[in-house]
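**Student:** Before anything else, here's the structure in question.
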Amino acid sequence: MALLEVDALQTHFRTPDGINRAVDGVSFHVNAGETLAIVGESGCGKSVTAMSILRLIPEPPGKIAGAIRFNGKNLLEASDKEMRAIRGNEISMIFQEPMTSLNPVLTVGRQIGETLRLHQGMSAQAAEDRAVEMLNLVGIPEAKRRVKEYPHQLSGGMRQRVMIAIALACNPKLLIADEPTTALDVTIQAQILDLMRDLKHRVGAAIVLITHDLGVVAEVAERVVVMYAGRKVEEAPVHALFNKPRHPYTQGLLGSVPKLGSSLTGEATRLAEIPGLVPSLKQKIPGCVFASRCAHATDLCTAVAPALEEKAPGHVAACHYALREGALAA
Amino acid sequence: MFAYIVRRVLATIPVMAIVALFVFSLLYIAPGDPAAVIAGDQATPDDVERIRASLGLDRPYLVRFGAWVWDILRGDLGVSIFTNLPVSTMIQQRIEPTLSLMIVTLILAVSIAVPMGVVAAWRQGTWIDRAVMGFAVLGFSVPVFVVGYVLAYFFALEWDLLPVQGYTPFARGFWPWLENLILPSIALGSVYIALIARITRATMLEVLQQDYIRTARAKGLNQSGILFLHALKNAAVPIITVIGIGIALLIGGAVVTESVFAIPGLGRLTVDAILRRDYPVIQGVVLLFSFVYVLVNLAIDLAYTLFDPRIRY
Ligand SMILES: Nc1ncnc2c1ncn2[C@@H]1O[C@H](COP(=O)(O)OP(=O)(O)O)[C@@H](O)[C@H]1O
Ligand code: SF4
Ligand SMILES: [Mg+2]
């Protein structure tokens, strides 16, 4: 049994001008100790997927359907109390915005210790001692002094390290990292990624890593889910995805990306620009969601939505023309 | 921090000096001969002359002011023209009811208004939110004396739950003391509650949108931990500011409230003094209220640092 199974997840938002289908039928799984990357352009529903797993979506206007099974238990049916016992304890999350994700009026030590006191019943003193250990672990010098400081006294990179310390304090089984390095300088990005990889080996948590950065994916992920307009359009082991992307969207994304294993630092490894706009999520699209931007689109594509098909072992894609082996037929 | 406190305390001195000059000048701003003004309509020329001498009107203005300030610094606020008692004694006799009324109102208002605002923000758009906002509008628009009479009518006269009016000194027991203060405090506090509840709600709405609230949720905190620790502490600075500004409202409102509920406090003393044109008493009371207001503002400035570590001096 997989650690996390996301099954036909639908997260819709009611807005004044119609229903926003931010996530529309996405399924994937994460095995214990594994790193799964989710990639896709901005606005394709990655963050909403991540927040849906922890049920952090405001309901209303949001509405989550489908199933999210964690250790076999459907979180969408869990009580608020059960969810609170999971959040920050068994599943924790790191956000994109290190500058604003820490509470400005509480000390760093308190914010790390809080989850320990809450989930593990530690005393205030024990929690603070452990907070110092955690700061050491995430590579913050002078941890003893730093625990008493406030977030505004730390740099962006330091703050993200603190977020990682908070996330890992209770030894979670799953860590969801939503673009943890996007807001940071390139050199700091590399440091934070190194730290996450290092800690992953030590802590043994599974990671869902959401990112724009295909270079990051190549370095740290084992499997990759590619999302487009609220759907999963391709999923493959990382080597297969980089060597033989099946979906035209993935091929477009990979257009300008260096080969697998290239250095993380320096080179721009952001997603390639694909001409055209992401379709509005407020309209139901009858055919392929990518048809409006796809160079290979045909009448079939605009009329019939392609199903996710296994093109090679463990490699699925949703495209009428993606062959089982090789490139596109059309 | 200590240096800051010292600097801040020193900075109140010029403020108090200006207030003192204004209070001192009250008598001279009034039209006509101050001695005649004080002496009143029925005074004989002899009376006026006596008062003129006692005021030292023959000396220059600033010299008189200096002498007056020097007296005040030694605790001498002058003598009431009407009762011939020292003003400081009269204030001492009347200060307990007013202080009690202010403190009970402050505690009552803050402990009602802050949770009200927090819950309204949390439940934004629901009937609870609308009820709180409706109350806030009402609190603003209904004058203290109306609230006071309505409360007294129902709670005291109709239902006989609380005393109609009067004051019981604290020395005679906590409950008898408090019992007499409940209705006046609600009457006096209604505007204050409305004000604090509104600012609490508005600030909390903004704070609850912040990323760190999402973090707190992701850590598994329960709703009250999120609202009252993570959010409220961030909302504290504007709330405390309004609590401080509101003290001025309370001082003004206390005068009316004490009249409505027949509380023998400084408010009554002030009203009586104004009606009798008892200038030394008026000056003493205004000076005292100003001093309290300056102190409250000082306390608030210092309180900011307790709640927000980003505020540095
Ligand atoms: N609270 C919300 N209310 C309405 N729409 C939302 C809300 N949160 C996200 N969305 C919408 O969901 C879509 C996906 O957003 P998101 O998951 O943040 O994209 P990304 O892949 O860049 O992380 C966007 O169209 C966004 O406007
Ligand atoms: S189904 Fe058609 S439109 Fe969609 S990605 Fe494949 S070729 Fe392009
Ligand atoms: Mg995002």
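From the backbone N, Cα and C atoms, a Cβ is placed for every residue, glycine too.
Just lifted these from TrEMBL, have a look:
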- B:9-30: transmembrane segment (TRANSMEM)
- B:95-304: domain 'ABC transmembrane type-1' (DOMAIN)
- B:99-122: transmembrane segment (TRANSMEM)
- B:134-157: transmembrane segment (TRANSMEM)
- B:177-197: transmembrane segment (TRANSMEM)
- B:235-261: transmembrane segment (TRANSMEM)
- B:281-307: transmembrane segment (TRANSMEM)
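I'd like these features described in context: how deep, what's nearby, how far apart.
**Tutor:** Same-chain residues lying 6+ beyond the ends of the transmembrane segment (B:235-261) with a Cβ under 8 Å from its Cβ atoms: 97-98, 101-102, 105-106, 109-110, 114, 117, 143-145, 148-149, 152, 164-166, 180, 183-184, 187-189, 191-192, 195-196, 199-200, 203-204, 206-207, 267-268, 270-271, 289, 292-293, 296-297, 299-300, 303-304, 307-308, 311.
Packing against the transmembrane segment (B:281-307) from elsewhere in the chain are residues 1, 5, 8-9, 12, 15-16, 19-20, 23-24, 26-27, 72, 77-78, 80-82, 87-88, 90-91, 233, 236-237, 240-241, 243-244, 247-248, 251, 266, 269-270, 273-274, 313: each is 6 or more residues past its ends and has a CB under 8 Å from a CB in it.
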**Student:** Give residue numbers and ranges for long-range contacts of the transmembrane segment (B:99-122): same chain, 6 or more residues beyond its ends, CB-CB under 8 A.
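**Tutor:** Same-chain contacts beyond the ends: 128-129, 132-133, 135, 167, 170, 177-178, 181-182, 184-186, 188-189, 192-205, 208, 223, 227-228, 231-232, 239, 243, 246-247, 250-251, 254, 257-258, 263, 265.
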**Student:** Do any residues of this chain, six or more beyond the ends of the transmembrane segment (B:134-157), have a C-beta under 8 angstroms from a C-beta of it, and if so which?
**Tutor:** 116, 163-165, 183-184, 186-188, 190-191, 193-195, 197-198, 253, 256-257, 259-261
